[in-house]
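Trainee: Handing you this structure, nothing more for now.
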Amino acid sequence: MPHRTIHLFRKGLRLHDNPTLLAALESSEVVYPVYILDRKFLTSVMHIGDLRWHFLLQSLEDLQKNLRQLGSCLLVIQGEYESVLRDHIQKWNITQVTLDAEMEPFYKEMEASIRRLGEELGFEVLSLVGHSLYDTKRILDLNGGTPPLTYKRFLHILSLLGDPEVPVRNLTAEDFQRCRPPDPGLAECYRVPLPVDLKISLESLSPWRGGETEGLQRLEQHLTDQGWVASFTKPRTIPNSLLPSTTGLSPYFSMGCLSVRTFFYRLSNIYAQAKHHSLPPVSLQGQLLWREFFYTVASATPNFTKMAGNPICLQINWCEDAERLHKWKTAQTGFPWIDAIMTQLRQEGWIHHLARHAVACFLTRGDLWISWEEGMKVFEELLLDADYSINAGNWMWLSASAFFHQYTRIFCPVRFGKRTDPEGQYVRKYLPILKNFPSKYIYEPWTASEEEQKQAGCIIGQDYPFPMVNHKEASDHNLQLMKQVREEQYRTAQLTRDDTDDPMEIKVKRDHSEESISKGKVARMTE
Ligand code: FAD
(Lines of atoms letter the chains of each structure in order from A and count residues from 1; the text may use other names and numbers.)
(Lines give C-alpha, C1' and ligand atoms only; values in the text may rest on other atoms or scores of the structure.)
Protein backbone atom coordinates (compact mmCIF):
# COMPACT_ATOMS: atom_id res chain seq x y z
CA MET A 1 0.00 0.00 0.00
CA PRO A 2 1.46 3.37 -0.91
CA HIS A 3 1.93 5.76 2.00
CA ARG A 4 0.37 9.07 2.86
CA THR A 5 3.49 10.92 3.83
CA ILE A 6 4.61 14.07 5.60
CA HIS A 7 8.12 14.95 4.48
CA LEU A 8 9.49 17.01 7.31
CA PHE A 9 12.17 19.50 6.27
CA ARG A 10 14.53 20.42 9.11
CA LYS A 11 17.83 21.26 7.39
CA GLY A 12 18.07 19.80 3.87
CA LEU A 13 16.15 22.75 2.33
CA ARG A 14 16.75 21.63 -1.25
CA LEU A 15 15.48 19.53 -4.13
CA HIS A 16 18.84 18.37 -5.50
CA ASP A 17 20.49 15.36 -3.83
CA ASN A 18 17.63 14.90 -1.40
CA PRO A 19 17.51 11.12 -0.85
CA THR A 20 14.84 11.28 1.85
CA LEU A 21 12.36 13.30 -0.20
CA LEU A 22 13.03 11.07 -3.20
CA ALA A 23 12.24 8.01 -1.08
CA ALA A 24 9.07 9.71 0.18
CA LEU A 25 7.91 10.40 -3.38
CA GLU A 26 8.69 6.87 -4.50
CA SER A 27 6.71 5.25 -1.69
CA SER A 28 3.62 7.46 -1.43
CA GLU A 29 0.29 8.32 -3.01
CA VAL A 30 0.37 11.78 -1.43
CA VAL A 31 3.30 13.76 -0.01
CA TYR A 32 2.91 16.84 2.20
CA PRO A 33 6.18 18.79 2.17
CA VAL A 34 6.17 20.45 5.62
CA TYR A 35 8.42 22.80 7.53
CA ILE A 36 7.41 23.20 11.17
CA LEU A 37 8.38 26.65 12.27
CA ASP A 38 8.78 26.01 15.97
CA ARG A 39 9.95 29.39 17.23
CA LYS A 40 10.70 28.22 20.75
CA PHE A 41 12.93 25.44 19.43
CA LEU A 42 14.69 27.67 16.91
CA THR A 43 15.35 30.44 19.41
CA SER A 44 16.00 28.65 22.66
CA VAL A 45 17.64 25.46 21.43
CA MET A 46 19.30 26.59 18.21
CA HIS A 47 19.81 30.22 19.32
CA ILE A 48 19.28 31.63 15.87
CA GLY A 49 19.81 35.37 15.57
CA ASP A 50 18.13 37.88 13.24
CA LEU A 51 20.40 37.35 10.24
CA ARG A 52 19.88 33.60 10.32
CA TRP A 53 16.12 34.13 10.62
CA HIS A 54 16.27 36.14 7.40
CA PHE A 55 18.39 33.49 5.72
CA LEU A 56 15.98 30.76 6.86
CA LEU A 57 12.88 32.61 5.62
CA GLN A 58 14.57 33.31 2.27
CA SER A 59 15.51 29.64 2.00
CA LEU A 60 11.92 28.58 2.72
CA GLU A 61 10.60 31.06 0.12
CA ASP A 62 12.99 29.62 -2.42
CA LEU A 63 11.98 26.07 -1.57
CA GLN A 64 8.33 27.10 -1.95
CA LYS A 65 9.03 28.57 -5.39
CA ASN A 66 10.97 25.49 -6.53
CA LEU A 67 8.36 23.06 -5.23
CA ARG A 68 5.60 25.03 -6.97
CA GLN A 69 7.48 24.78 -10.25
CA LEU A 70 7.37 21.01 -9.89
CA GLY A 71 3.64 20.99 -9.13
CA SER A 72 3.80 20.76 -5.34
CA CYS A 73 4.11 23.29 -2.52
CA LEU A 74 5.70 23.85 0.88
CA LEU A 75 3.49 24.03 3.96
CA VAL A 76 5.07 26.12 6.72
CA ILE A 77 3.18 25.32 9.90
CA GLN A 78 3.88 27.41 12.97
CA GLY A 79 3.78 25.82 16.41
CA GLU A 80 5.47 23.34 18.67
CA TYR A 81 6.62 20.47 16.47
CA GLU A 82 5.12 17.58 18.38
CA SER A 83 1.62 19.04 18.64
CA VAL A 84 1.74 20.21 15.00
CA LEU A 85 2.64 16.68 13.93
CA ARG A 86 0.05 15.05 16.17
CA ASP A 87 -2.73 17.28 14.73
CA HIS A 88 -1.79 16.88 11.09
CA ILE A 89 -1.07 13.20 11.21
CA GLN A 90 -4.63 12.60 12.29
CA LYS A 91 -6.13 15.25 9.99
CA TRP A 92 -4.37 13.96 6.88
CA ASN A 93 -4.39 10.21 7.72
CA ILE A 94 -0.63 10.07 7.56
CA THR A 95 1.04 6.65 7.46
CA GLN A 96 4.68 7.78 7.08
CA VAL A 97 6.91 10.66 8.21
CA THR A 98 10.19 11.10 6.35
CA LEU A 99 13.00 13.32 7.57
CA ASP A 100 16.77 13.67 7.14
CA ALA A 101 18.78 12.00 9.90
CA GLU A 102 20.77 14.65 11.79
CA MET A 103 23.44 14.14 14.41
CA GLU A 104 22.89 17.05 16.83
CA PRO A 105 21.48 15.86 20.18
CA PHE A 106 18.47 18.18 19.88
CA TYR A 107 17.59 16.85 16.41
CA LYS A 108 18.18 13.26 17.53
CA GLU A 109 15.85 13.88 20.43
CA MET A 110 13.28 15.30 18.01
CA GLU A 111 13.53 12.21 15.82
CA ALA A 112 13.21 9.94 18.86
CA SER A 113 10.05 11.71 19.95
CA ILE A 114 8.62 11.47 16.42
CA ARG A 115 9.32 7.74 16.49
CA ARG A 116 7.51 7.45 19.85
CA LEU A 117 4.59 9.35 18.35
CA GLY A 118 4.70 6.96 15.39
CA GLU A 119 4.32 4.01 17.73
CA GLU A 120 1.44 5.70 19.47
CA LEU A 121 -0.43 6.85 16.36
CA GLY A 122 0.62 4.08 14.02
CA PHE A 123 2.79 5.73 11.36
CA GLU A 124 6.20 4.73 10.07
CA VAL A 125 9.32 6.91 10.21
CA LEU A 126 11.99 6.90 7.53
CA SER A 127 15.19 8.87 8.03
CA LEU A 128 18.20 8.89 5.71
CA VAL A 129 21.56 10.68 5.85
CA GLY A 130 21.76 13.68 3.55
CA HIS A 131 23.64 16.38 5.45
CA SER A 132 27.09 14.83 5.58
CA LEU A 133 29.29 12.96 3.13
CA TYR A 134 29.17 9.73 5.12
CA ASP A 135 26.93 8.14 7.66
CA THR A 136 29.12 8.91 10.67
CA LYS A 137 28.06 5.61 12.29
CA ARG A 138 30.00 3.73 9.63
CA ILE A 139 33.14 5.71 10.47
CA LEU A 140 32.71 5.00 14.17
CA ASP A 141 32.17 1.29 13.48
CA LEU A 142 35.34 1.07 11.42
CA ASN A 143 37.26 2.83 14.17
CA GLY A 144 36.19 0.30 16.78
CA GLY A 145 33.12 2.18 17.99
CA THR A 146 34.88 5.40 18.94
CA PRO A 147 35.52 8.54 16.88
CA PRO A 148 38.94 9.01 15.26
CA LEU A 149 40.27 11.98 17.20
CA THR A 150 42.82 13.27 14.71
CA TYR A 151 42.38 14.29 11.09
CA LYS A 152 45.14 11.91 10.07
CA ARG A 153 43.45 8.94 11.70
CA PHE A 154 40.13 10.12 10.27
CA LEU A 155 41.56 10.16 6.72
CA HIS A 156 42.91 6.68 7.28
CA ILE A 157 39.43 5.39 8.21
CA LEU A 158 37.95 7.12 5.15
CA SER A 159 40.53 5.42 2.96
CA LEU A 160 39.09 2.10 4.18
CA LEU A 161 35.55 3.24 3.57
CA GLY A 162 36.10 4.53 0.06
CA ASP A 163 34.38 7.49 -1.56
CA PRO A 164 31.11 8.84 -0.19
CA GLU A 165 27.88 7.74 -1.83
CA VAL A 166 27.13 9.64 -5.02
CA PRO A 167 24.34 12.23 -4.91
CA VAL A 168 20.86 11.02 -5.85
CA ARG A 169 19.27 12.47 -8.99
CA ASN A 170 17.55 15.86 -8.95
CA LEU A 171 13.81 15.75 -8.32
CA THR A 172 11.60 16.45 -11.33
CA ALA A 173 7.98 17.29 -12.04
CA GLU A 174 7.41 13.61 -12.92
CA ASP A 175 8.49 12.57 -9.42
CA PHE A 176 5.84 14.85 -7.96
CA GLN A 177 3.20 13.91 -10.54
CA ARG A 178 3.41 10.26 -9.56
CA CYS A 179 1.76 11.09 -6.26
CA ARG A 180 -0.83 13.72 -5.37
CA PRO A 181 0.27 17.14 -4.08
CA PRO A 182 -1.40 18.72 -1.02
CA ASP A 183 -4.69 20.56 -1.68
CA PRO A 184 -3.97 23.98 -3.16
CA GLY A 185 -5.93 25.67 -0.36
CA LEU A 186 -3.43 24.40 2.21
CA ALA A 187 -0.57 26.37 0.69
CA GLU A 188 -2.59 29.56 1.31
CA CYS A 189 -3.10 28.66 4.98
CA TYR A 190 0.52 27.71 5.53
CA ARG A 191 2.50 30.45 3.83
CA VAL A 192 6.14 31.27 4.52
CA PRO A 193 5.89 34.08 7.10
CA LEU A 194 7.44 37.49 6.55
CA PRO A 195 10.04 38.88 8.96
CA VAL A 196 7.40 41.32 10.24
CA ASP A 197 5.10 38.40 11.16
CA LEU A 198 7.86 37.01 13.37
CA LYS A 199 8.81 40.40 14.80
CA ILE A 200 12.38 40.16 13.62
CA SER A 201 14.24 43.19 12.27
CA LEU A 202 12.90 44.06 8.84
CA GLU A 203 16.18 44.48 7.05
CA SER A 204 19.27 42.36 6.71
CA LEU A 205 22.57 43.85 5.56
CA SER A 206 23.95 40.44 4.76
CA PRO A 207 25.11 39.89 1.18
CA TRP A 208 24.24 36.18 1.61
CA ARG A 209 20.72 35.48 0.38
CA GLY A 210 19.25 32.21 1.56
CA GLY A 211 18.05 29.39 -0.65
CA GLU A 212 18.98 26.53 -2.90
CA THR A 213 18.81 28.64 -6.06
CA GLU A 214 21.32 31.17 -4.75
CA GLY A 215 23.52 28.41 -3.29
CA LEU A 216 23.66 26.55 -6.60
CA GLN A 217 24.45 29.76 -8.49
CA ARG A 218 27.33 30.53 -6.15
CA LEU A 219 28.57 26.96 -6.48
CA GLU A 220 28.54 27.19 -10.29
CA GLN A 221 30.38 30.53 -10.21
CA HIS A 222 33.20 29.05 -8.18
CA LEU A 223 33.44 25.89 -10.21
CA THR A 224 33.86 27.78 -13.49
CA ASP A 225 37.33 28.82 -12.32
CA GLN A 226 38.80 25.35 -12.45
CA GLY A 227 42.37 26.54 -11.92
CA TRP A 228 41.35 28.26 -8.69
CA VAL A 229 39.53 25.15 -7.51
CA ALA A 230 42.41 22.82 -8.32
CA SER A 231 45.05 24.95 -6.63
CA PHE A 232 42.97 26.08 -3.63
CA THR A 233 45.19 26.11 -0.55
CA LYS A 234 43.33 27.31 2.51
CA PRO A 235 46.22 28.94 4.40
CA ARG A 236 46.95 31.08 1.35
CA THR A 237 43.46 32.59 1.24
CA ILE A 238 43.09 36.11 2.59
CA PRO A 239 41.12 36.85 5.74
CA ASN A 240 40.56 40.53 5.06
CA SER A 241 39.70 40.65 1.37
CA LEU A 242 36.59 42.76 0.74
CA LEU A 243 34.95 39.85 -1.06
CA PRO A 244 35.34 36.30 0.33
CA SER A 245 38.60 34.68 -0.76
CA THR A 246 37.17 31.22 0.00
CA THR A 247 33.92 29.86 -1.46
CA GLY A 248 31.56 31.47 1.05
CA LEU A 249 29.28 28.45 0.65
CA SER A 250 29.11 27.58 4.36
CA PRO A 251 25.69 29.19 5.04
CA TYR A 252 24.22 27.03 2.26
CA PHE A 253 25.82 23.83 3.53
CA SER A 254 24.79 24.69 7.06
CA MET A 255 21.06 24.85 6.28
CA GLY A 256 21.31 22.14 3.67
CA CYS A 257 20.42 24.43 0.76
CA LEU A 258 23.45 22.85 -0.92
CA SER A 259 24.47 19.22 -0.80
CA VAL A 260 28.03 18.54 0.35
CA ARG A 261 28.07 15.38 -1.76
CA THR A 262 27.21 17.36 -4.87
CA PHE A 263 30.07 19.73 -4.11
CA PHE A 264 32.45 16.87 -3.29
CA TYR A 265 31.81 15.10 -6.62
CA ARG A 266 31.95 18.31 -8.65
CA LEU A 267 35.38 18.88 -7.11
CA SER A 268 36.41 15.31 -7.91
CA ASN A 269 35.53 15.90 -11.58
CA ILE A 270 37.66 19.03 -11.69
CA TYR A 271 40.57 17.32 -9.95
CA ALA A 272 40.34 14.45 -12.45
CA GLN A 273 40.91 16.89 -15.31
CA ALA A 274 43.67 18.92 -13.64
CA LYS A 275 47.37 18.14 -14.04
CA HIS A 276 47.95 18.92 -10.38
CA HIS A 277 45.62 19.71 -7.57
CA SER A 278 45.95 20.50 -3.90
CA LEU A 279 45.22 17.82 -1.30
CA PRO A 280 43.65 17.54 2.14
CA PRO A 281 43.97 19.13 4.62
CA VAL A 282 44.34 22.38 2.64
CA SER A 283 42.36 21.61 -0.56
CA LEU A 284 38.67 22.34 -1.02
CA GLN A 285 37.79 18.68 -0.60
CA GLY A 286 40.00 18.79 2.48
CA GLN A 287 37.74 21.54 3.88
CA LEU A 288 34.69 19.32 3.44
CA LEU A 289 36.57 16.58 5.24
CA TRP A 290 37.24 18.90 8.18
CA ARG A 291 33.49 19.36 8.35
CA GLU A 292 33.04 15.62 8.29
CA PHE A 293 35.75 15.16 10.91
CA PHE A 294 34.04 17.48 13.39
CA TYR A 295 30.66 15.86 12.66
CA THR A 296 32.10 12.46 13.42
CA VAL A 297 33.85 13.46 16.65
CA ALA A 298 30.84 15.47 17.84
CA SER A 299 28.46 12.60 17.15
CA ALA A 300 30.15 10.37 19.71
CA THR A 301 31.70 12.74 22.27
CA PRO A 302 29.64 13.51 25.37
CA ASN A 303 29.11 17.21 26.05
CA PHE A 304 30.90 18.17 22.85
CA THR A 305 29.76 21.80 23.03
CA LYS A 306 30.85 22.19 26.64
CA MET A 307 34.08 22.04 28.58
CA ALA A 308 32.69 20.30 31.67
CA GLY A 309 32.14 16.61 31.13
CA ASN A 310 33.80 16.70 27.71
CA PRO A 311 36.51 14.01 27.78
CA ILE A 312 38.61 15.44 24.94
CA CYS A 313 38.65 19.02 26.18
CA LEU A 314 41.21 20.55 28.55
CA GLN A 315 39.58 21.74 31.77
CA ILE A 316 40.65 25.34 32.12
CA ASN A 317 39.91 27.89 34.76
CA TRP A 318 38.81 30.62 32.37
CA CYS A 319 37.95 34.13 33.63
CA GLU A 320 34.33 35.16 33.92
CA ASP A 321 34.24 38.79 32.88
CA ALA A 322 30.96 39.99 31.41
CA GLU A 323 32.28 43.48 30.68
CA ARG A 324 35.27 42.27 28.69
CA LEU A 325 33.15 39.72 26.86
CA HIS A 326 30.70 42.47 25.94
CA LYS A 327 33.52 44.64 24.54
CA TRP A 328 34.70 41.77 22.37
CA LYS A 329 31.19 40.94 21.19
CA THR A 330 30.29 44.53 20.37
CA ALA A 331 33.54 45.42 18.59
CA GLN A 332 34.93 47.73 21.29
CA THR A 333 38.24 46.05 22.07
CA GLY A 334 40.23 49.01 20.75
CA PHE A 335 42.09 46.74 18.29
CA PRO A 336 40.80 47.75 14.83
CA TRP A 337 41.56 44.33 13.29
CA ILE A 338 39.51 42.52 15.95
CA ASP A 339 36.71 45.10 15.97
CA ALA A 340 36.43 45.15 12.17
CA ILE A 341 36.00 41.38 12.13
CA MET A 342 33.37 41.45 14.86
CA THR A 343 31.56 44.20 12.94
CA GLN A 344 31.56 42.18 9.73
CA LEU A 345 30.24 39.21 11.70
CA ARG A 346 27.38 41.22 13.22
CA GLN A 347 26.44 42.99 9.98
CA GLU A 348 26.87 40.19 7.47
CA GLY A 349 26.90 36.91 9.39
CA TRP A 350 30.04 35.53 7.75
CA ILE A 351 33.77 36.04 8.31
CA HIS A 352 36.80 34.30 6.83
CA HIS A 353 38.23 31.29 8.61
CA LEU A 354 41.45 33.09 9.60
CA ALA A 355 39.45 36.08 10.80
CA ARG A 356 37.61 33.58 13.02
CA HIS A 357 41.04 32.45 14.20
CA ALA A 358 42.01 36.00 15.10
CA VAL A 359 38.96 36.86 17.20
CA ALA A 360 38.72 33.42 18.81
CA CYS A 361 42.36 33.43 19.86
CA PHE A 362 42.00 36.99 21.16
CA LEU A 363 38.99 36.07 23.32
CA THR A 364 40.49 32.90 24.76
CA ARG A 365 44.14 31.91 25.11
CA GLY A 366 45.55 35.01 23.41
CA ASP A 367 44.38 38.04 25.33
CA LEU A 368 41.21 37.86 27.41
CA TRP A 369 41.35 34.32 28.83
CA ILE A 370 37.57 34.01 28.50
CA SER A 371 35.99 30.60 27.91
CA TRP A 372 35.60 29.33 24.36
CA GLU A 373 32.03 28.42 25.23
CA GLU A 374 31.19 32.13 25.50
CA GLY A 375 32.68 32.82 22.08
CA MET A 376 30.92 29.81 20.61
CA LYS A 377 27.57 31.14 21.84
CA VAL A 378 28.20 34.53 20.24
CA PHE A 379 29.12 32.84 16.95
CA GLU A 380 26.04 30.65 17.22
CA GLU A 381 23.86 33.72 17.40
CA LEU A 382 25.62 35.78 14.73
CA LEU A 383 26.95 33.34 12.12
CA LEU A 384 24.78 32.40 9.15
CA ASP A 385 26.67 29.12 8.97
CA ALA A 386 26.42 28.39 12.72
CA ASP A 387 26.77 24.67 13.13
CA TYR A 388 26.67 22.62 16.34
CA SER A 389 29.70 20.40 15.61
CA ILE A 390 31.89 22.67 13.50
CA ASN A 391 31.49 25.68 15.74
CA ALA A 392 32.33 23.86 18.96
CA GLY A 393 35.13 21.86 17.30
CA ASN A 394 36.82 24.97 15.97
CA TRP A 395 36.42 26.87 19.23
CA MET A 396 38.14 24.03 21.07
CA TRP A 397 40.82 24.15 18.39
CA LEU A 398 41.44 27.89 18.61
CA SER A 399 41.49 27.95 22.39
CA ALA A 400 43.93 24.98 22.25
CA SER A 401 41.49 23.03 24.39
CA ALA A 402 41.56 20.13 21.89
CA PHE A 403 42.81 19.30 18.36
CA PHE A 404 45.39 22.12 18.18
CA HIS A 405 48.64 21.83 20.05
CA GLN A 406 50.94 24.60 18.91
CA TYR A 407 49.62 26.73 21.69
CA THR A 408 52.76 28.86 21.83
CA ARG A 409 51.64 30.46 18.58
CA ILE A 410 49.50 33.41 19.50
CA PHE A 411 48.05 35.78 16.92
CA CYS A 412 49.02 39.40 17.31
CA PRO A 413 45.91 41.60 16.96
CA VAL A 414 47.98 44.27 15.20
CA ARG A 415 50.29 42.40 12.84
CA PHE A 416 48.02 39.59 11.70
CA GLY A 417 45.70 41.78 9.64
CA LYS A 418 48.49 44.05 8.42
CA ARG A 419 50.26 41.23 6.62
CA THR A 420 47.57 40.74 3.96
CA ASP A 421 46.03 44.24 3.98
CA PRO A 422 48.72 46.79 4.81
CA GLU A 423 46.55 49.73 3.74
CA GLY A 424 43.77 48.59 6.06
CA GLN A 425 40.98 48.71 3.46
CA TYR A 426 39.06 46.08 5.40
CA VAL A 427 39.32 48.03 8.65
CA ARG A 428 38.25 51.23 6.86
CA LYS A 429 35.19 49.49 5.44
CA TYR A 430 33.93 48.00 8.68
CA LEU A 431 35.11 50.75 11.06
CA PRO A 432 34.45 53.95 9.10
CA ILE A 433 35.29 56.03 12.19
CA LEU A 434 38.94 55.13 11.51
CA LYS A 435 38.87 55.55 7.75
CA ASN A 436 40.90 58.77 7.62
CA PHE A 437 43.90 57.49 9.55
CA PRO A 438 47.08 57.08 7.49
CA SER A 439 47.89 53.42 6.80
CA LYS A 440 50.74 53.36 9.30
CA TYR A 441 48.25 53.94 12.14
CA ILE A 442 45.23 52.04 10.89
CA TYR A 443 45.95 48.93 12.99
CA GLU A 444 47.13 50.87 16.05
CA PRO A 445 45.50 54.31 15.96
CA TRP A 446 46.41 54.99 19.60
CA THR A 447 50.00 55.51 18.46
CA ALA A 448 49.04 58.53 16.34
CA SER A 449 49.72 61.93 17.91
CA GLU A 450 46.87 64.07 19.20
CA GLU A 451 47.28 66.30 16.17
CA GLU A 452 47.12 63.33 13.78
CA GLN A 453 44.04 61.99 15.55
CA LYS A 454 42.36 65.36 15.15
CA GLN A 455 43.21 65.39 11.47
CA ALA A 456 41.74 61.90 11.08
CA GLY A 457 38.57 63.12 12.81
CA CYS A 458 38.78 60.46 15.50
CA ILE A 459 40.10 60.95 19.02
CA ILE A 460 41.15 57.70 20.64
CA GLY A 461 39.51 57.26 24.02
CA GLN A 462 36.62 59.41 22.89
CA ASP A 463 35.47 58.35 19.40
CA TYR A 464 37.13 54.93 19.40
CA PRO A 465 38.42 53.05 22.49
CA PHE A 466 41.98 52.56 23.61
CA PRO A 467 43.12 48.91 23.40
CA MET A 468 41.44 47.03 26.22
CA VAL A 469 44.62 45.06 27.05
CA ASN A 470 48.34 45.28 26.60
CA HIS A 471 48.68 42.42 24.11
CA LYS A 472 52.26 41.57 24.95
CA GLU A 473 51.70 41.38 28.69
CA ALA A 474 48.36 39.57 28.44
CA SER A 475 49.55 37.00 25.94
CA ASP A 476 52.79 36.30 27.85
CA HIS A 477 50.80 35.75 31.01
CA ASN A 478 48.24 33.52 29.27
CA LEU A 479 50.95 31.49 27.59
CA GLN A 480 52.33 30.56 31.00
CA LEU A 481 48.87 29.60 32.23
CA MET A 482 48.29 27.42 29.16
CA LYS A 483 51.68 25.77 29.54
CA GLN A 484 50.82 24.84 33.10
CA VAL A 485 47.37 23.50 32.14
CA ARG A 486 48.84 21.33 29.44
CA GLU A 487 51.51 19.92 31.73
CA GLU A 488 48.92 19.11 34.37
CA GLN A 489 46.49 17.56 31.87
CA TYR A 490 49.02 15.93 29.60
CA ARG A 491 46.87 12.84 28.96
CA THR A 492 43.84 14.81 27.78
CA ALA A 493 46.05 16.97 25.58
CA GLN A 494 47.45 13.87 23.89
CA LEU A 495 44.04 12.45 22.98
CA THR A 496 43.55 14.69 19.94
CA ARG A 497 47.15 14.90 18.91
CA ASP A 498 49.12 13.25 16.12
CA ASP A 499 52.46 14.05 14.58
CA THR A 500 51.03 16.23 11.81
CA ASP A 501 51.50 19.96 12.16
CA ASP A 502 48.49 22.23 12.13
CA PRO A 503 47.81 22.77 8.41
CA MET A 504 46.78 26.38 8.90
CA GLU A 505 50.16 27.18 10.38
CA ILE A 506 52.44 25.46 7.90
CA LYS A 507 53.28 28.49 5.81
CA VAL A 508 53.41 30.85 8.73
CA LYS A 509 55.70 28.56 10.64
CA ARG A 510 58.16 28.57 7.77
CA ASP A 511 58.07 32.39 7.57
CA HIS A 512 58.95 32.83 11.18
CA SER A 513 60.94 29.83 12.20
CA GLU A 514 64.23 31.57 11.52
CA GLU A 515 63.34 34.46 13.73
CA SER A 516 62.17 32.20 16.52
CA ILE A 517 65.23 30.01 16.45
CA SER A 518 67.72 32.83 16.19
CA LYS A 519 66.24 34.59 19.19
CA GLY A 520 66.16 31.30 21.06
CA LYS A 521 62.66 32.11 22.24
CA VAL A 522 59.38 30.29 22.17
CA ALA A 523 58.05 30.54 18.63
CA ARG A 524 55.22 33.06 18.55
CA MET A 525 52.98 33.79 15.68
CA THR A 526 53.10 37.45 14.97
CA GLU A 527 50.94 38.08 11.90
P1 FAD B 1 35.71 27.12 2.35
O2 FAD B 1 37.13 27.31 2.71
O3 FAD B 1 35.29 27.50 0.98
O4 FAD B 1 35.40 25.59 2.62
C5 FAD B 1 34.29 24.88 2.03
C6 FAD B 1 33.45 24.26 3.13
O7 FAD B 1 34.24 23.38 3.94
C8 FAD B 1 32.88 25.26 4.10
O9 FAD B 1 31.72 25.88 3.58
C10 FAD B 1 32.60 24.40 5.32
O11 FAD B 1 31.40 23.67 5.18
C12 FAD B 1 33.77 23.43 5.29
N13 FAD B 1 34.86 23.93 6.15
C14 FAD B 1 35.81 24.83 5.83
N15 FAD B 1 36.65 25.01 6.87
C16 FAD B 1 36.23 24.22 7.85
C17 FAD B 1 36.68 23.95 9.17
N18 FAD B 1 37.77 24.53 9.69
N19 FAD B 1 35.98 23.08 9.92
C20 FAD B 1 34.90 22.44 9.42
N21 FAD B 1 34.42 22.64 8.18
C22 FAD B 1 35.07 23.52 7.41
N23 FAD B 1 32.12 26.67 9.95
C24 FAD B 1 30.81 26.43 9.86
O25 FAD B 1 30.33 25.99 8.81
N26 FAD B 1 29.99 26.68 10.93
C27 FAD B 1 30.45 27.18 12.11
O28 FAD B 1 29.68 27.37 13.05
C29 FAD B 1 31.84 27.48 12.20
N30 FAD B 1 32.36 28.01 13.33
C31 FAD B 1 33.71 28.27 13.39
C32 FAD B 1 34.23 28.81 14.57
C33 FAD B 1 35.59 29.11 14.65
C34 FAD B 1 36.17 29.68 15.93
C35 FAD B 1 36.42 28.85 13.55
C36 FAD B 1 37.89 29.17 13.62
C37 FAD B 1 35.92 28.30 12.39
C38 FAD B 1 34.56 27.99 12.30
N39 FAD B 1 34.02 27.41 11.14
C40 FAD B 1 32.66 27.18 11.07
C41 FAD B 1 34.90 26.84 10.10
C42 FAD B 1 35.25 27.74 8.92
O43 FAD B 1 35.74 28.96 9.39
C44 FAD B 1 34.07 27.97 7.99
O45 FAD B 1 33.48 26.75 7.62
C46 FAD B 1 34.55 28.64 6.71
O47 FAD B 1 35.24 29.83 7.01
C48 FAD B 1 33.36 28.95 5.84
O49 FAD B 1 33.74 29.67 4.72
P50 FAD B 1 33.74 29.01 3.28
O51 FAD B 1 32.43 28.38 3.00
O52 FAD B 1 34.21 30.06 2.36
O53 FAD B 1 34.83 27.88 3.45
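Each residue, glycine too, has its Cβ placed from N, Cα and C.
When I checked TrEMBL for this same protein, it listed these features:
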- 246-250, 287-294, 385-387: FAD binding site (BINDING)
- Trp318: site 'Electron transfer via tryptophanyl radical' (SITE)
- Trp372: site 'Electron transfer via tryptophanyl radical' (SITE)
- Trp395: site 'Electron transfer via tryptophanyl radical' (SITE)
- 492-527: region 'Disordered' (REGION)
- 504-527: compositional bias 'Basic and acidic residues' (COMPBIAS)
Trainee: Could you state the whole-number distance in Å separating the C-alpha atoms of Gly248 (FAD binding site) and Trp395 (site 'Electron transfer via tryptophanyl radical')?
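Mentor: Computed Cα spacing between Gly248 (FAD binding site) and Trp395 (site 'Electron transfer via tryptophanyl radical') is 19 Å.
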Trainee: With every protein chain in view, how many other Cβ atoms are within 10 Å of the Cβ of Ala386 (FAD binding site)?
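Mentor: 24, counting other Cβ atoms within 10 Å of Ala386 (FAD binding site).
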Trainee: So what sits near Trp318 (site 'Electron transfer via tryptophanyl radical') in its own chain, CB-to-CB under 8 Å and at least six residues off in sequence?
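Mentor: Trp318 (site 'Electron transfer via tryptophanyl radical') has long-range Cβ partners Thr364, Trp369, Ile370, Ser371, Trp372.
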Trainee: Would you please pick out, from the recorded positions Trp290, Phe294, Trp372, Trp395, the one with the fewest other Cβ atoms within 10 Å of its Cβ?
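Mentor: Minimum Cβ neighbour count within 10 Å, taken over the recorded positions Trp290, Phe294, Trp372, Trp395, occurs at Trp290.
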Trainee: Which chain-mates of Leu288 (FAD binding site) that are at least 6 residues away have a CB under 8 A from its CB, listed by sequence?
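Mentor: Long-range Cβ contacts: Leu133, Val260, Phe263, Phe264, Leu267.
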Trainee: Those binding-site residues, Thr246, Ser250, Trp290, Glu292, Phe294, Ala386: which ones have a Cβ sitting under 6 Å from ligand 1?
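Mentor: By the Cβ criterion, which requires under 6 Å to ligand 1, the hits are Thr246, Ser250, Trp290, Phe294, Ala386.
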Trainee: What are the non-local neighbours of Glu292 (FAD binding site), defined as same-chain residues 6+ apart in sequence with CB under 8 A from its CB?
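Mentor: Once residues fewer than 6 apart are set aside, Glu292 (FAD binding site) is near Ser132, Leu133, Tyr134, Thr136, Phe154, Leu158.
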Trainee: Cβ-Cβ under 8 Å from Thr246 (FAD binding site), same chain, 6 or more residues apart: which ones?
Mentor: Lys234, Thr237, Gln287, His352, His353
Trainee: I need the least crowded one of these binding-site residues (Gly248, Ser250), counting other C-beta atoms within 10 angstroms of each C-beta.
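Mentor: Selected from the binding-site residues Gly248, Ser250 on minimum Cβ neighbours within 10 Å: Gly248.
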Trainee: Measuring Cα to Cα, how far is Ser250 (FAD binding site) from Trp395 (site 'Electron transfer via tryptophanyl radical') in Å?
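Mentor: Taking the Cα atoms only, Ser250 (FAD binding site) lies 17 Å from Trp395 (site 'Electron transfer via tryptophanyl radical').
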